[in-house]
Amino acid sequence: MRRVTLTQFLIEQQRAGRTSPDLRLLIEVVARAVKAIAVNVSKGALADLLGEAGTDNIQGEAQKKLDVIANEILLQANEWGGHLAAMASEEVEEVHQIPFDYPKGGYLLLFDPLDGSSNIDVNISVGTIFSVLRFPEGIKEPTEECFLQPGREQVAAGYALYGPSTLLILTVGNGVHGFTLDREMGSFVYTHPFMTVPVDTQEYAINASNARHWESPVQRYVGELQQGRTGPRGKDFNMRWVASMVADVHRVLTRGGIFMYPLDEKCRDQGGKLRLMYEANPMAMIVEQAGGSATTGRQRILDVQPEKLHQRVPVILGSTHEVERVTAYHLES
Ligand code: AHM
Ligand code: MG
């Protein structure tokens, strides 16, 4: 069997006119950083990498040692290649400028370096999420404003899942493609072509401990699922919640399902729990590219006009018929 590597895949995409040489370089550099993060994640306690770093990030959350390391790896790997105008990270308050002695390029890279970091110390899967935007033309210095583009403007999005295998899932706007890290060879191998999310499902994912805080459309929707085959849906539903968005979304991408982190009374003041620019938008692009849907309950995620870099948003994504149903409940209420 012919083994296609990420590099070969990207060169073929470039030949077909779907990526520019700079976007190919950008994705290759992110993939290289992901390999380095995977090494650190897998070392865990052997390298004293578990636990807290003793600092807080912009969201006021305690940073784990691996949050800090993953962030540093991504920033350093992407600074010098000449493909980026600037970067933004969940772990950094301001826009990260490219050092003045390096060339600058036409793209903006946003990332959550280590998503699901509450799972690090218990050895459960975590991930990296990234989004690529174009640097608007005619602007000299990248500012926060340049990043505030709706998710439909993304030119690429992806995530890495550090699980039993390390996977890289990618879209450049031509379907969703998955690669598995071959640790001996040190390369990503094309293992999951054109991933699709089935339109129907019998599996849902939500943190049910927040049930009393949910809005009524979510209470109605989940209540109906829980009634199973004797309720209005006429079938049983299973539930899963890893509490690593990357792992939960990857399950949806692999076998269907609906993932929800909706607005609730606990996160209402912040606008939601998950971050729009480097969590919701890239996942929404991936899920839509795989034939699924992604909304806030009230509008398509990719149409949300961002107002702040670290903005939060409600997230409902996955199998289209289920996302449409719970969105309709929101719009009716
Ligand atoms: P993080 O970026 O600080 O790791 O937080 C995001 C994570 C998501 O991966 C996950 O879906 C969610 O937070 C879990 O939240 P909860 O602990 O409320 O279930
Ligand atoms: Mg996160």
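Even glycines carry a Cβ here, placed using N, Cα and C.
Note that the structure is predicted; figures quoted are calculated from it, not measured.
Sequence annotations record features per position, and here TrEMBL assigns domain 'Fructose-1-6-bisphosphatase class I N-terminal' to 5-193.
For D112 (Mg(2+) 1 binding site), other Cβ atoms within 10 Å of its Cβ number 28. Look at TrEMBL and you will find E90, D112, L114 tagged as Mg(2+) 1 binding site.
According to TrEMBL, the Mg(2+) 2 binding site annotation covers D112, D115, E279.
Among the features that TrEMBL reports, substrate binding site is placed at D115, G116, S117, S118, N207, K273. The 10 Å shell around the Cβ of S117 (substrate binding site) contains 24 further Cβ atoms across the protein chains shown.
Marked as domain 'Fructose-1-6-bisphosphatase class 1 C-terminal' by TrEMBL: 198-330.
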Cβ-centroid neighbourhood (8 Å) of the substrate site, D115, G116, S117, S118, N207, K273 excluded: N119, A243, S244, M245
Where S118 (substrate binding site) falls in three-state DSSP terms: helix
Where the C-beta lies under 6 angstroms from ligand 2, the matching binding-site residues among L114, D115, S117, S118, N207, K273: D115
Entries of L114, S117, N207 (binding-site residues) sitting next to ligand 1, with Cβ under 6 Å as the cut-off: S117, N207
Between K273 (substrate binding site) and L114 (Mg(2+) 1 binding site), the C-alpha gap once rounded to whole angstrom: 16
